[in-house]
């Protein structure tokens, strides 16, 4: 069995297996890859690779539309979203669609529209994917040079990179437009317990926006995950969108510098590995963001964060015992520290007990009770409102944790309450996907570097152990 030398010259990786499933131009004889190697067979067939990518986009959008409609069909307005296992409707709610004061759902029709639009879009993408995979030209270079490319063409590759950056920038600005002009977005910090509002006073100060990037990721600093007002989030999208668009234009107009030509591997598999690394980083950041941040991911829709549930429990029992006559300012706990209140390392008054580790928490239901030096004792005695008690009791019993024993002092009740927080799902899934994308990055980067160095040849199939074994049948 012979692999075409002309193809091998540009792609030095041979992975030879039996070529029983023959597809003209996509079989093992002509590509050096068996059917299960998927898109590797299309490395030099830009038209077919386009079909694969468009079809893949169709599958993604189909899932979004179908899952969206599934959630709408099962949605019960009387229960909070996070009690219903929803992962898509909370995103739409955060964007301000169908939501009234306090995060209450007043209209599910926008969610239905979103699902239908995604389904229709997926049909268009699916048709395009099938067309380009089966009927369209195998390669685009001859008939549509603008869409054609050769992997080694560094200038063309950076032009494609530039186009992608511009599209990402446009996406960032879509959120800005929604927040500024098209109905606004949901602000969990709005007075009176959260509401949809238009963002009027954008934060555009570079020292504030880029200050987040310079913060420590630990403790009370929290890097970009610590952002806690929408002005900063939307202003950050203005900066990000602008940088992406200007960077995209720059990459389209310029050619790679000499140091970049030398430092990077310029092959399809190398670009795949770079992309996987970038997506992996995005996954890990998203994991931390959805776990800790209750501004971009409002607790009204996603359920409380872990620290928030723990602090809510301390607050709930402080309220109860204060009513029973306890002096919460001076009561001593079993460790000799304050039972209800204590001081943080920097002197602020914070909740005592196991939840002391979460003293950094900021949440809309708790901030009104703070003074210049942390929790204000007189406010805790006189100013606690019924809505704060209700919300903290609700959050206390809906921690994003499932455990047989106490976790940070939170009542998890995993055997009594059939509840898994969307925060748990979204954090865990993004961590796991981020990890596997990172492994994929290492794999493809190693193969791409080996191919560039010219020493990867795959396994020698002539002396493979399985060939000397008795057939299974």
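Here the Cβ of each residue, glycine as well, is placed from N, Cα and C on the backbone.
Some features that Swiss-Prot has for this protein:
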BINDING   367  [CaMn4O5] cluster binding site
MOD_RES   15  N-acetylthreonine
MOD_RES   15  phosphothreonine
TRANSMEM  69-93  transmembrane segment
TRANSMEM  134-155  transmembrane segment
TRANSMEM  178-200  transmembrane segment
TRANSMEM  255-275  transmembrane segment
TRANSMEM  291-312  transmembrane segment
TRANSMEM  447-471  transmembrane segment
**Item:** Residues near the residue listed as '[CaMn4O5] cluster binding site' in space but at least six apart in sequence (CB under 8 A)
**Value:** none
**Request:** Going by DSSP, give the three-state secondary structure for residue 367 ([CaMn4O5] cluster binding site).
**Result:** helix
**Message:** Checking distant contacts: for the transmembrane segment (178-200), what same-chain residues at least six beyond its ends satisfy Cβ-Cβ under 8 A?
**Reply:** 93-97, 99-103, 228-231, 234, 294-295, 298-301, 364-365, 387, 391
